[in-house]
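Below: the structure, in structure tokens.
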Amino acid sequence: MINMRKTHPLLKIINHSFIDLPAPSNISAWWNFGSLLGVCLMIQILTGLFLAMHYTSDTLTAFSSVAHICRDVNHGWLLRNLQANGASMFFMCLFLHVGRGIYYGSYLYKETWNIGVILLLTVMATAFVGYVLPWGQMSFWGATVITNLLSAIPYIGTTLAEWIWGGFAVDKATLTRFFAFHFILPFIIMALAVVHLLFLHETGSNNPSGINPDSDKIPFHPYYTIKDALGLMLLLLMLLLLALFSPDLLGDPDNFSPANPLNTPPHIKPEWYFLFAYAILRSIPNKLGGVLALLASILILLIIPLLHTANQRSMMFRPISQTLFWILTANLITLTWIGGQPVEQPFIIIGQLASTLYFPLILILMPSAGLLENYMLEPKW
């Protein structure tokens with residue numbers, strides 16, 4: 001009798017995706033993050049679903065409902081801590097996943113890469129609207145500052161901002177619609193993740209060497225299921241350590257105060273995973289220029305496949321490109337640090353220097369390094 005998983009219409013899809021999938025024999029732990037992101041998404045959806053059962057999206061009761069969840073709902077404190085810190089783990093995995101893609105040249109699978117960038121933008125949108133929901137000071141002012149950026153768009157900006165707000169400022173209508181967006185977006189992310197996998201399985205995975213691995217494939221199960229399980233254990237360990245021992249480590253103390261439109265916090269800043277983009281936004285004195293730089297800092301990922309000049313796919317054997325990659329990483333860490341600092345010297349100039357370096361690194365220096373490495377590897381005799 002033929003194995004049911006190979007014949008049943010539904011099980012067959014699962015089998016071809018997670019069991020009998022031919023995978024390169026040499027993919028490292030950097031290839032674990034896809035499955036970890038899937039787990040993060042499921043954790044966020046499940047904890048979010050239970051939180052939504054007790055949350056009220058009204059300006060008068062939103063803050064109190066979150067306090068009620070933490071105090072009175074069975075394990076409500078745990079749900080909230082897992083949800084808040086799960087978002088941080090989600091973004092850690094996302095950034096590492098994107099970094100892996102850049103380092104090993106995975107972006108040359110253009111469809112998979114472009115869907116991935118759309119996924120990144122969708123997750124960022126979801127996290128932003130989610131941060132507004134507890135209706136603390138930083139929630140309210142973060143929403144006000146970021147949505148207000150839309151007003152920088154010429155001609156239609158103010159109308160657009162008021163349309164998003166549902167009024168003349170961030171208020172009850174804004175909170176209600178943000179809750180609706182925050183509920184629906186994770187399911188859109190799930191659908192996009194399926195499309196992402198669909199495109200990936202059309203070509204098969206890349207591998208650290210960047211060489212076509214078709215001659216040496218192994219089944220996904222048990223080799224990579226057990227490898228992913230190890231990554232999963234480490235992820236859950238980190239998440240639980242964060243959620244149980246220092247749940248407020250990555251949050252903002254201002255968010256423990258209810259939203260007050262009459263009192264502006266001394267330093268408005270988003271969650272840590274948006275700080276790099278926020279630093280780029282702030283480093284440009286012009287409002288519209290800042291908004292364009294903010295968008296460009298993320299959308300630049302879409303043109304990375306067009307900037308690939310090297311004969312080799314991966315950076316594994318390209319030391320100059322490797323050096324530039326790690327300079328880019330250090331640059332992003334610097335921007336993240338600057339985004340969390342007040343707008344004063346020396347932070348202003350450091351932020352401007354880091355922002356100025358970010359774009360030439362990707363647009364000029366890395367493609368030039370690829371060409372230089374091609375020249376160095378050409379036989380000269």
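Keep in mind that glycine also has a Cβ here, set from the backbone N, Cα and C atoms.
The following features are taken from Swiss-Prot:
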| type | residues | note |
| --- | --- | --- |
| TRANSMEM | 33-53 | transmembrane segment |
| TRANSMEM | 77-98 | transmembrane segment |
| BINDING | His97, His196 | heme b b566 binding site |
| TRANSMEM | 113-133 | transmembrane segment |
| TRANSMEM | 178-198 | transmembrane segment |
| BINDING | His182 | heme b b562 binding site |
| BINDING | His201 | ubiquinone binding site |
| TRANSMEM | 226-246 | transmembrane segment |
| TRANSMEM | 288-308 | transmembrane segment |
| TRANSMEM | 320-340 | transmembrane segment |
| TRANSMEM | 347-367 | transmembrane segment |
Cβ atoms near His97 (heme b b566 binding site) (within 10 Å, other residues, all chains): 20
For the transmembrane segment (178-198): best-contacting stretch of 33-53, 226-246, 288-308, 320-340, by Cβ pairs under 8 Å: 33-53
Close approaches to the transmembrane segment (226-246) from elsewhere in its chain (Cβ under 8 angstroms; 6 or more beyond its ends): 29, 32-33, 35-36, 39-40, 43, 78, 81-82, 84-86, 88-89, 93
Same-chain residue ranges lying at least 6 outside the transmembrane segment (320-340) that approach it to Cβ under 8 Å: 99, 102-103, 269-270, 272, 274-280, 282, 310, 347, 350-351, 354-355, 357-358, 361-362, 365-366, 369-370, 372-373
Candidates His97, His196, His201 (binding-site residues) - the one closest to His182 (heme b b562 binding site) by CA: His196
Maximum Cβ pairs under 8 Å to the transmembrane segment (77-98) - stretch from the list 113-133, 288-308, 347-367: 113-133
Cα separation, the residue listed as 'ubiquinone binding site' to His97 (heme b b566 binding site) (Å, whole number): 17
Spatial neighbours of the transmembrane segment (113-133) far in sequence, C-beta under 8 Å, 6+ residues away: 55, 57, 62, 66, 87, 90-91, 94, 97-98, 101, 106-107, 139-140, 142-143, 146, 174-175, 178-179, 181-182, 185-186, 188-189, 192-193, 195-196, 199, 270-271, 273-274, 298-299, 301-302, 304-305
Local Cβ density at His196 (heme b b566 binding site) - other Cβ atoms counted within 10 Å: 21
Densest Cβ neighbourhood among His182, His201 (binding-site residues), 10 Å radius: His182
